[in-house]
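Enquirer: Relevant sequence annotations retrieved from Swiss-Prot are reproduced here:
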type     : residues : note
COMPBIAS : 21-31    : compositional bias 'Polar residues'
REGION   : 21-48    : region 'Disordered'
COMPBIAS : 32-48    : compositional bias 'Low complexity'
TRANSMEM : 91-111   : transmembrane segment
TRANSMEM : 145-165  : transmembrane segment
TRANSMEM : 177-197  : transmembrane segment
TRANSMEM : 215-235  : transmembrane segment
TRANSMEM : 248-268  : transmembrane segment
Amino acid sequence: MPLVDPVTMSSSAIVKGAVAQSTSTTKSTPGSQATESSTTTAGSSSSLATLRPVQIKQTPAAQTVRHALPAALTALYLLRFDALVTNPVPVMLNALPVVAAFQMTYALLCLPAAGEPASKSNRKPRPGEKKKGGDIGSSTIITALLASVLTSIVTPFLYFAMVLFGAPFLTHGSHTFLCAAHLALLTLFPLFYVHGVDSAAWAAVGGFRAPLDETFGGLVGGIVGAWLGAVPIPLDWDREWQRWPVTILCGAYGGYLLGRVLGGTLFWGKKF
């Protein structure tokens with residue numbers, strides 16, 4: 001006859017069974033948690049692994065714009081450099097729509113829009129096959145407009161980031177804001193057009209884990225160039241071009257063009 005516990009009025013065999021069951025449940029819990037965590041980690045790793053470098057469209061117009069745009073931006077900056085040194089605010093303000101038109105043309109003709117399959121954007125028509133809708137459709141135009149809106153929204157945050165890194169706050173506010181607008185238009189607009197609001201893609205971009213291409217290379221080059229452009233400002237050279245933010249803007253444009261060219265050619269597909 002099994003012994004009965006006078007307090008719980010249950011047999012010792014039942015108590016031992018309950019204890020053994022709870023122990024086995026406790027032991028199995030860490031394993032299940034480890035399985036869930038490993039599944040989550042594998043899912044995030046797979047999402048990063050599927051992020052591929054952006055391929056430029058292979059149409060003749062895309063290849064022409066791809067190579068002509070860096071020369072056009074360089075010519076624009078060199079032609080307006082003296083005026084930029086003399087009066088930076090109106091020069092940056094007047095150049096902003098021109099740069100926006102350049103970037104919009106580059107995105108529409110050269111880059112695949114967010115959500116567009118890469119195979120569809122890069123597929124060449126077969127002999128005798130007519131391409132439907134042309135290269136630019138209503139969806140790509142809407143994507144470009146949304147990318148412009150997102151770039152405008154991010155510009156104030158980029159302005160405050162520049163202030164945190166030492167930009168003038170009480171003075172030269174318009175100078176800094178227009179410089180931030182140029183930097184956002186150069187580096188962030190193509191990324192918004194390509195990736196949209198994909199959280200996994202932006203996590204890879206923000207963590208510098210994305211593969212290098214023209215869009216991500218332009219971002220890295222623009223940031224590094226703007227940072228290096230701040231070096232000559234405090235130096236005692238007494239040059240007119242040391243005014244804020246001439247060297248910052250010069251470094252941003254030069255770094256963006258260099259990073260974009262290298263990211264699209266020599267370092268395409270590589271990671272940090």
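Backbone N, Cα and C define each Cβ position, glycine as well.
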Enquirer: Between the stretches 91-111, 145-165, 177-197, which one has more Cβ pairs under 8 Å with the transmembrane segment (248-268) than any other?
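Expert: Comparing 91-111, 145-165, 177-197: 177-197 has the most Cβ pairs near the transmembrane segment (248-268).
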Enquirer: Could you tell me what the rest of the chain brings near the transmembrane segment (145-165), counting residues at least six beyond its ends with Cβ under 8 Å?
Expert: 100, 104, 107, 176-177, 179-181, 183-185, 188-190, 192-193, 196-197, 227, 230
